[in-house]
Amino acid sequence: MSPDGGSVTLDPTTVVTVNRKATKSSRSWISIDATGQKTVLDENKYAIMHRVQIHARDLRILDPNLSYPSAILGRERAIVLNLEHIKAIITAQEVLVRDSSDENLIPVLEEFQRRLPVVQGDATEAGEEDESPFEFRALEVALEAICSLLAARTTELETSAYPALDELTLKISSRNLERVRKLKSAMTRLTARVQKVRDELEQLLDDDDDMADIYLSRKLVGVSSSISVSDEPLWYPTSPTIGSKISRASRMSLFSVRGDDENDVEELEMLLEAYFMQIDSTLNKLTALREYIDDTEDYINIQLDNHRNQLIQLELMLSSGTVCISMYSMIAGIFGMNIPYTWNDEHGYVFKWVVSLTGTFCAVLFVIVLSYARFKGLVGSWWSNEK
């Protein structure tokens, strides 16, 4: 029976569409219950808030048009889950997923349908998973999907980045630099996504009260126990304003009859720690990739500095040679002046000596300048590279 009184089939593979009066604020949701049945709901936000007993601010977190960080929030009757493309509300009986055109959401929905139904009398591995509460199985599917997706993206990035960086160290070109720049930008975006999921899991693991809020089945058992010893009706106000007045202490007191069980979060803690380690491993891979990129950038900068130093050394050599040749040109210019002197009467004898001595002096001066520069360490590396 659907919420509006319409009949639906019980075939888990059947998608049932519940028609609602179209309103301006209606949104499409996908509901998957404990039998694996998937139903498409065209509900407005007030109907969803009434259905799962959450506030409007919690529903805004799941709005795909708004940008909110990753969040796993435990409420009185639901878990608000905002992890990347998975925007869902988990209750003790069903999972409501925001209908999205994201292709990555399709395998997640299929996994929900496969793993949420309880298999009776089956001793397989799936039977062991059925011992967990419904909300834990749904939460595990979502965490596994997100961690696997981010790990796959990281592996793809590593496969492309490391060869590109090695190629850049061998040949510095505009094409290789542009390729590495795009990979670095992709790595930065992916690291931010992984970091958000990791921080949310770490924050949840650090707070036992938040983890206790996620035990929806335990709350229902506690409420049922309290009803058995009290005639007070079980009803929670649908108004967010009234509902906000219920403190965490008063909510926890509803199932305090179970003794110390409400403080036992070991099962959820083990579940979260497993995926925290997986997402932390993914983040470590991205950190190692960032360090490799930084090392490559440092190596390239060293290469460029070395080439720049070689150009400076070459410029020093050319400048020294220019000074020596300038002195030779000065002597040639003096002898080329139209001034009467007696040296012209020697029939070229003095000319040969002047040319020879001037050339020898300039060559010796050039060697002295280079020797001094090498002594000061200005051209030592260039000479070593040449040898």
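Just so you know, the numbers here start at 1 and follow the chain as drawn.
The backbone N, Cα and C atoms fix where each Cβ goes, and this holds for glycine too.
TrEMBL: automatically predicted annotations, no manual curation.
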Listed range which TrEMBL flags as coiled coil, given the options 40-67, 180-207, 208-235, 292-319: 180-207
Contacting positions for the transmembrane segment (353-373) when only residues 6+ beyond its ends and CB under 8 Å are counted: 316-317, 320-321, 323-325, 327-328, 331-332, 335, 379
